[in-house]
Amino acid sequence: MADKKKRKRSKDDQSEELPFKNILESDDAILDLLKSYIASAITAAASGTGAGGASSSSSKPLTLADLSLSSSCREVADLSLSSVQTAIETVIVQIARSILAGDGFSFSVPSRAASNQLYVPELDRIVLKDKSTLRPFASVSSVRKTTITTRILALIHQLCLRNIHVTKRDLFYTDVKLFQDQTQSDAVLDDVSCMLGCTRSSLNVIAAEKGVVVGRLIFSDNGDMIDCTKMGMGGKAIPPNIDRVGDMQSDAMFILLVEKDAAYMRLAEDRFYNRFPCIIVTAKGQPDVATRLFLRKMKMELKLPVLALVDSDPYGLKILSVYGCGSKNMSYDSANLTTPDIKWLGIRPSDLDKYKIPEQCRLPMTEQDIKTGKDMLEEDFVKKNPGWVEELNLMVKTKQKAEIQALSSFGFQYLSEVYLPLKLQQQDWL
């Protein structure tokens, strides 16, 4: 009898040690709040103009063609292999004619420089303007890059003829002596995609699997049905070729986008998606193309809100902005790679005091961190959201940052047991 009392007392003490657990409502009450929020969000999206360009007269999202911009911009499209093959052959024929006419050999390559980028508030994403640069063979400064461009075009043409996929690493190893470093072949691959006016996936060149997904999602992968509730703690690797993904089904209430693998593993092991029906996805750091495509596909097909859990530092917000507004490096394909209206759930700078994160778990920001934070405050996509501006200003002012794992100072399961449920209960996102 005494042992039972002691066990009960220790359990009560453990509960009391968890900050804010006492203000948590029941799971059913939180789920009712979420259902109410989702219903109102769907109604608002159907009747008004939402972020990412939902039109009041039509559910069809806005495109560049719908806008009258002062600058002309370019976007790429998904092309069939035969169309890519024809586009490559057209470029080569033009070059051959130029050489025969005595005008030399050069490529007209769309500029992906920062000065050629444009943030479009109506679309809430970064797009590429129409400026191009010449890449002549008869120039010491560009002869090597022109050669790499020619080699990449030849390799892509082979892939079209054979109808096979290769990874970016495979592509690099076809001519290591010429490419020297994979970053060089990767950069030219993006140039080629932009030149031909097609998405990178249309070139049949994919990145290695990186992102993973777990939770209340069923989808077909190349004809095989995958149930993401039965994939173990590690989850299902996100297919690098989005074309083979289809038939998405879910009873989830939201998608939880997680920056770090460690936080993802915690939530997956705790089966957080069963307590609060959701789909949990991570790219394990910097967003890769496959994860960005997969997230967008889930958002557009399942019509679920996306909540993001990232570190409280400038790079966490940068990662969130890549998912939402696109990266400058691949702005030419932002229409396919961005997910509209992602909510910033945490960890936010204001959470450090609100949740009483211990001082020893807060890290001092470096000079580079502070510079990155100030630079982000100058970005148009940040200025558009007053909540983001307020949080970033607080971060730069306090010069403190924190990782998601700082919550483990209250207990290994504090993230899934208290922090996230309380965030959902209070609908505390930006």
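Cβ atoms are placed via backbone N, Cα and C, with glycine included.
Keep in mind that TrEMBL annotations are predicted by a computer and have not been checked by a curator.
Database features (TrEMBL):
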ACT_SITE  TYR173  active site, nucleophile
ACT_SITE  TYR173  active site, O-(5'-phospho-DNA)-tyrosine intermediate
BINDING   GLU259, ASP311  Mg(2+) binding site
DOMAIN    144-205  domain 'Spo11/DNA topoisomerase VI subunit A N-terminal'
DOMAIN    209-245  domain 'Type II DNA topoisomerase VI subunit A all-beta'
DOMAIN    254-424  domain 'Topoisomerase 6 subunit A/Spo11 TOPRIM'
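Secondary structure by DSSP for the domain 'Spo11/DNA topoisomerase VI subunit A N-terminal' (144-205): 48 helix, 4 strand, 10 coil. Residues 165, 167, 201, 251-252, 256, 264-265, 268-269, 273-274, 277-284, 288, 290-291, 293-294, 297-298 of the same chain sit 6 or more residues outside the domain 'Type II DNA topoisomerase VI subunit A all-beta' (209-245) yet have a Cβ under 8 Å from a Cβ within it. Cα-Cα distance from ASP311 (Mg(2+) binding site) to the residue listed as 'active site, nucleophile': 35 Å (rounded to the nearest whole number). When each of the binding-site residues GLU259, ASP311 is scored by how many other Cβ atoms sit within 10 Å of its Cβ, ASP311 comes out lowest. Helix, strand and coil content of the domain 'Type II DNA topoisomerase VI subunit A all-beta' (209-245), in residues and according to DSSP, is 3 helix, 15 strand, 19 coil.
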